[in-house]
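Colleague: One structure, pasted below without further comment.
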Amino acid sequence: MARVSELAFLLAATLAISLHMQEAGVVKFDIKNQCGYTVWAAGLPGGGKRLDQGQTWTVNLAAGTASARFWGRTGCTFDASGKGSCQTGDCGGQLSCTVSGAVPATLAEYTQSDQDYYDVSLVDGFNIPLAINPTNAQCTAPACKADINAVCPSELKVDGGCNSACNVFKTDQYCCRNAYVDNCPATNYSKIFKNQCPQAYSYAKDDTATFACASGTDYSIVFCP
């Protein structure tokens, strides 16, 4: 009888915690690695974690968190103190990120306002395939499943990734600045990204690639979906 009471108490406590998190506006992100290699996941906020194939890292965003971004790092080595480096996506040589990652890196971006806004971004280039899956089945689940590294133009290639034209050439046209801020059409380079991943943000003014979902939705971010 005592065992039954104990189980009932644990179930009630778990439910209470879950309800409290929902009421408090906590948004949960499950970061999953389905790649056939290790990915060092990174998040702002969140920090970072090594994910071997099949592993998941959960990040809970506190109520009032206006925005977040997540990405995967590859080719990393870290010492026992969490210091090291990554071939792509490195964030100041730290396992637990407190600054944005080095380009190129595929990004999952999230903004909280009157509702949730999110996108898969290739504006900073590409390193690994990525998808965002909302728990709300009525919301779009954008993905970039292609290996853009395989079709990357030589002038954009770096070890382990494919840079954006803005990062490489730094011109107003490619970066949608100054005279191009209000009228910035796609370029031959951004079209390569768009053709490979139609649901992803291919350059700074590719606004059709932003998606919305009701507040209170949780998400999974999948590397190599």
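Our numbering is plain: 1 for the first residue shown, then up by one each step along the chain.
Glycine is no exception: its Cβ is also placed from the backbone N, Cα and C atoms.
Copying in the features that Swiss-Prot gives for the protein in this structure:
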type: SIGNAL; residues: 1-26; note: signal peptide
type: DISULFID; residues: C35-C224; note: disulfide bond
type: DISULFID; residues: C76-C86; note: disulfide bond
type: DISULFID; residues: C91-C97; note: disulfide bond
type: DISULFID; residues: C139-C213; note: disulfide bond
type: DISULFID; residues: C144-C197; note: disulfide bond
type: REGION; residues: 146-157; note: region 'IgE-binding'
type: DISULFID; residues: C152-C162; note: disulfide bond
type: REGION; residues: 158-170; note: region 'IgE-binding'
type: DISULFID; residues: C166-C175; note: disulfide bond
type: DISULFID; residues: C176-C184; note: disulfide bond
type: REGION; residues: 178-191; note: region 'IgE-binding'
Colleague: Please count the residues of the region 'IgE-binding' (178-191) that DSSP assigns to helix (H, G, I), strand (E, B) and coil.
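Modeller: Once the DSSP states are binned, the region 'IgE-binding' (178-191) shows 7 helix, 0 strand, 7 coil.
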Colleague: Given C139 (disulfide bond) and C166 (disulfide bond), what distance in Å do their CA atoms have, once rounded to a whole number?
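Modeller: With distance taken Cα to Cα, C166 (disulfide bond) is 31 Å from C139 (disulfide bond).
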Colleague: Same-chain Cβ contacts of the region 'IgE-binding' (146-157) under 8 Å, 6 or more residues past its ends?
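Modeller: Apart from its flanks, the region 'IgE-binding' (146-157) reaches 122, 125-127, 129, 163-165, 168, 189, 192-193, 196-197.
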Colleague: For the region 'IgE-binding' (178-191), what are the same-chain contacts with Cβ under 8 Å, counting residues 6+ beyond its ends?
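Modeller: Residues packing against the region 'IgE-binding' (178-191) from afar: 153, 156, 164-165, 172, 202-206.
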Colleague: Could you say whether, by DSSP, C175 (disulfide bond) belongs to a helix, a strand or a coil region?
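Modeller: In three-state terms, C175 (disulfide bond) counts as helix.
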Colleague: Taking DSSP states H, G and I as helix and E and B as strand, how many residues of the region 'IgE-binding' (158-170) are helix, strand and coil?
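Modeller: The counts are 5 helix, 3 strand, 5 coil.
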Colleague: Please list, for the region 'IgE-binding' (146-157), how many residues fall into helix, strand and coil according to DSSP.
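Modeller: Taking the region 'IgE-binding' (146-157) as a whole: 7 helix, 1 strand, 4 coil.
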Colleague: What are the sequence-distant neighbours of C86 (disulfide bond), meaning same chain, six or more residues apart, C-beta distance under 8 angstroms?
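Modeller: Non-local contacts for C86 (disulfide bond): W40, R73, T74, G75, C76, A102.
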Colleague: Around C224 (disulfide bond), how many other CB atoms lie within 10 A of its CB?
Modeller: 18
Colleague: Quick check: of the disulfide-bonded residues listed here (C35, C91, C224), which one has the Cα closest to that of C197 (disulfide bond)?
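Modeller: Of the disulfide-bonded residues C35, C91, C224, C224 has its Cα closest to that of C197 (disulfide bond).
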